[in-house]
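A.B. asks: First the structure, which I've put down as structure tokens, then a few questions once you've had a look.
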Amino acid sequence: MTVPHFLTLFDLPADEIRQLVRRAIDLKALQRQGKIYEPLKNQVLGMLFEKSSTRTRVSFEVGMIQLGGNAVFLSPRDTQLGRGEPLEDTARVLSRMVDCLMVRTFSHSMLEHFSAYSQVPVINALTDSYHPCQLLADIQTYFEHRGDIQGRTVAWIGDGNNMCQSYINAACQFDFQLHIATPAGYGPDPAILQMARERVQIIAEPREAVRGADLVVTDVWTSMGQEKEKHRRLQDLADYQVNGELMSLAKRDALFMHCLPAHRGEEVSAEVIDGPQSVVWDEAENRLHAQKALLEKLLIGGPL
């Protein structure tokens, strides 16, 4: 039997990933009502971190606990990976001891290699190429505030990084238009763009990209592992800050999202991220609920 992994948004059919978002909304409501729902009793999630994170660790760990299961945190110092054990051996061993594996790492090809040797589902909790769990939370947040995102326009401003590339995938899976504004040399992977030609436009000027948008999204200009490039990146991306002037060109009821952590005064101004159009705190919380829906789907096939 094929093991169901979740490495990109394309690992689930469009109708199932849409159902997953709606299920996340239902699970959030259950929790708010104080109802106990523990379908994952006696199941264990192994959490393998090469890149540190606040939101990823807490949301997955709390999510498993709320669903009745448990989670085990593993950093490179906690495994033999840090001492040269082959990746495939680690995958084989861990997948005999836990029911699901969540991996947050740098190389997407490494994650693909790891998952090929795992006997249990592997979840991409972030690679340098994609961040699909965050997109589940983002789409859930849009659904909650504005309804279905199908047919809407999303503007991505800034670095064409893993979040941008996951938005490209989301444009295909959720059927919306995506405008991407990045400086020269900072665009997303052309091969990823090629898959979504009908739904994605590259627009050099940020003002044109956000004009009429329903949702404006950005991310940090310097990702983990790029610290040596920070000074150059700040200069190159200086004209791509999401501020009040830029947001005024989007629709009057447009939302602003950022996966956090944010750097006020760099990729976004304080007036925007702390303003009335910002839904970043709901977006952050929804990592918990979206990932609970994902764990339920991968481990038991859906709601009991």
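Backbone N, Cα and C define each Cβ position, glycine as well.
Note that this is a predicted model, so its numbers are computed, not measured.
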A.B. asks: Write down the one residue from ASN162, ASN169, ASN243 that Swiss-Prot lists together with ASP219, SER223, MET224 as binding L-ornithine.
C.D. replies: ASN162
A.B. asks: State the Cα to Cα distance, in Å, between ASN162 (L-ornithine binding site) and HIS131 (carbamoyl phosphate binding site), rounded to an integer.
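C.D. replies: One finds 6 Å between the Cα atoms of these residues.
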A.B. asks: What is the total of other Cβ atoms whose distance to the Cβ of ASN162 (L-ornithine binding site) is within 10 Å?
C.D. replies: 23
A.B. asks: Could you say whether, by DSSP, ARG55 (carbamoyl phosphate binding site) belongs to a helix, a strand or a coil region?
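C.D. replies: ARG55 (carbamoyl phosphate binding site) sits in a helix per DSSP.
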A.B. asks: Within the chain of ASP219 (L-ornithine binding site), which residues six or more apart in sequence place their C-beta under 8 angstroms from its C-beta?
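C.D. replies: Long-range Cβ contacts: GLY158, ASP159, ASN161, MET163, CYS164, HIS258, CYS259, GLU267.
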A.B. asks: Could you round the CA separation between ARG287 (carbamoyl phosphate binding site) and SER223 (L-ornithine binding site) to a whole angstrom and send it over?
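C.D. replies: The Cα atom of ARG287 (carbamoyl phosphate binding site) is 19 Å away from the Cα atom of SER223 (L-ornithine binding site).
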A.B. asks: Please report how many Å separate the Cα atom of SER53 (carbamoyl phosphate binding site) from that of MET224 (L-ornithine binding site), as a whole number.
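C.D. replies: MET224 (L-ornithine binding site) has its Cα 10 Å from the Cα of SER53 (carbamoyl phosphate binding site).
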A.B. asks: To the nearest whole angstrom, what is the C-alpha distance linking MET224 (L-ornithine binding site) and HIS131 (carbamoyl phosphate binding site)?
C.D. replies: 14
